[in-house]
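Visitor: Here's a structure for you.
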Ligand code: SF4
């Protein structure tokens, strides 16, 4: 795939757009003013691989929490503002690394200007967050309701407002919960603008449904070279969002870090507890700091052959299994110590 070239901006120390790697973001679901709870969630998200964190700022107590939270975490902070421009200005001053606003919700031009002035002063970007559920009435009227044209025009108008104030340190999202609409909106926007794109399917739902929607929507776009940073939205622990986001990137070869487990679906040829082995392997390999493809296959008939491209793997037999490397059998091991033996080999690699 050829990645669309976009303008590079910086959210704190993390580049977004241009030739920068596609980053994975998440959003906290603690009360921001609960500093302990928020920091502890962000540290868990960092461990999972989160590279940029967003939290909502709803009042002055939340603004006051920005600096203490930032002093205890290691990834840049995007502050999410709904309506009150004063909170956006105060958040920029308090050390936010990016402000997410929908200029249309902020109010008149003077208020937007105040936000722009604060962001310019602090040299931080703004994310324009277009959402299919809150498009301008004039865009809806002009383009016949919620569709990709009204979403794209809404985004362009908001960008025009900021550009007219001499501000172009921007990224943009065009979120919808309808996967097809979301894909069309990002495709259409990407064809007319080179601002970096934050991809997301909004209100994607609980883990299972949200993972599918996000993987389909973002997968299509990323495969077309569209998207510079991603956030999976799930009604779940945000750590899940990061795992899914990284999984989407890995499945398209856009990330190589970490262990990539491939496993067979099992069938009548399986004579070992492959499901149990895979569950345990996922847990034990989750924090392994190696870039390897590990295959866990149910049988020796097809296993090593089908998983030839894996760096290392196991193939189950009856009460025992084979360990193989790059399709070549290394040794036979009893089932009870198959996983331990595999992990020993991986540690040596
Ligand atoms: S690798 Fe073997 S056990 Fe697994 S699905 Fe294929 S044939 Fe069945």
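Just so it is clear, glycine is given a Cβ too, placed from its N, Cα and C backbone atoms.
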Visitor: Which one, 306, 309, is listed by TrEMBL in the same [4Fe-4S] cluster site as 264, 267, 299?
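Guide: So, going by the record in TrEMBL, that would be 306.
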Visitor: Within 10 Å of the Cβ of residue 264 ([4Fe-4S] cluster binding site), how many other Cβ atoms can you find? Include all protein chains, please.
Guide: 20
Visitor: Return the residues near residue 299 ([4Fe-4S] cluster binding site) by Cβ distance under 8 Å, restricted to its own chain and a separation of at least 6 in sequence.
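Guide: Expected: 264, 267, 269, 270, 271, 315, 316, 317.
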Visitor: Out of 267, 306, give me whichever of these binding-site residues has the highest number of other Cβ atoms within 10 Å.
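Guide: Answer by Cβ density within 10 Å: 306.
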Visitor: Determine, for the [4Fe-4S] cluster site, the additional residues of the same chain whose CB lies within 8 Å of the mean position of the CB atoms of 264, 267, 299, 306; present them in sequence order.
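Guide: The answer, listed by sequence position, is 265, 266, 269, 270, 297, 298, 301, 302, 303.
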